[in-house]
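Presented below is the structure to which this report refers.
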């Protein structure tokens, strides 16, 4: 029995969107679901109680950062990541691969793993499939990710071909090194850049290894969104229907809706918390940058439709004042709002799937949000 299982409830008659439930050792969550990112074992400025109050069911933490500080051995001795950070719901940890390939300029890829330099102090480090599994087993997350190479985009066909072949070999080593399959589910990551045949090959390789779930990696790395959507349309049908499907690194409202339409169950991104820190807020009518001078005397909430703590209690003028004054409370309030907005959006997406009207919802949302879509009923 896998530690994590997927229960399919229904498919939207308007699209390929799925309503489902993912069951984990620390509880279940409905999908499609957005996962707030807690890079350093905390979702920045947020308490676990606040996250639960806004219906965040699962959060993501970062293997690379927790390995370097405080160390996976410290977290193991604390009783695992759940106890360490006082979060009793499901946790997903990434493998650290994306950070190795995105944060470190000095790296050397070998068959056994990657040599690179610490992004803060320059010390030499080595991360391999075996090491990534050891760290994540110490962390004790419910869902852990295979160690993969995330090729840049654009990259040549030859480079990406060699990369996915290496990722497949690394995936096999991850399965061999995984010590806790009974209470931690290991997901494989499909790569392939913008090349459909390489996405097909990567998917076939990984599906043959029978992981409990699958992610699509290497998208949302700067490519135009039409390319991302084309890769999703090609790749998602290659993934097992009875297992969770996870699109890594996606968190803009339009991409969440488009991903759900194409059959994705799980999403994560630092976007809502990162932009909150400079005063950028997502609302039903588009983004609001509260630092702008036009909000100095705007005594209305960020979003009249929003039921979050921030919108029920504070105005754009007050938020502008806090952000301009570099007050931590301002960052907390904008973070609360952005996370609530995306989690509530996913609740609306699930309800639209339940009622077989996700494309209708997309049209309504895009029009109000101010997204220019020529034919929103197409996908």
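Please read every residue number as a count from 1 along the shown chain.
Positions of Cβ are set from backbone N, Cα and C atoms, glycine also.
According to Swiss-Prot:
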type	residues	note
ACT_SITE	94	active site, proton acceptor
ACT_SITE	268	active site, nucleophile
BINDING	94, 95, 96, 97, 98, 148, 191, 218	substrate binding site
BINDING	306, 308, 311, 337	Zn(2+) binding site
REGION	249-255	region 'RNA binding'
REGION	273-277	region 'RNA binding'
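Feature map: Swiss-Prot annotations on the structure.
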residue : record                   : CB count, 10 Å
96      : substrate binding site   : 23
97      : substrate binding site   : 25
98      : substrate binding site   : 22
148     : substrate binding site   : 31
191     : substrate binding site   : 27
218     : substrate binding site   : 33
268     : active site, nucleophile : 22
306     : Zn(2+) binding site      : 19
308     : Zn(2+) binding site      : 21
311     : Zn(2+) binding site      : 23
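The full span of the recorded substrate binding residues, 94, 95, 96, 97, 98, 148, 191, 218, taken as their largest Cα to Cα distance, is 15 Å. When secondary structure is read from DSSP and collapsed to three states, residue 268 (active site, nucleophile) falls in the strand class. The distance from the Cα of residue 148 (substrate binding site) to the Cα of residue 306 (Zn(2+) binding site) comes to 39 Å.
Under DSSP, residue 96 (substrate binding site) is assigned to coil, being neither helix nor strand in the three-state scheme. Residue 311 (Zn(2+) binding site) has 94 as its nearest neighbour among the recorded positions 94, 95, 98, going by CA to CA distance. In sequence order, 301, 302, 303, 307, 309, 310, 312, 336, 340, 341 are the residues of the same chain, not among 306, 308, 311, 337, whose CB sits within 8 A of the CB centroid for the Zn(2+) site. Listed in sequence order, the residues 101, 145, 146, 147, 149, 150, 189, 217, 248 complete the 8 Å Cβ shell around the substrate site centroid, once 94, 95, 96, 97, 98, 148, 191, 218 themselves are left out. Considering only the recorded positions 94, 268, 306, 308, 337, the residue whose Cα is spatially closest to the Cα of residue 191 (substrate binding site) is 94.
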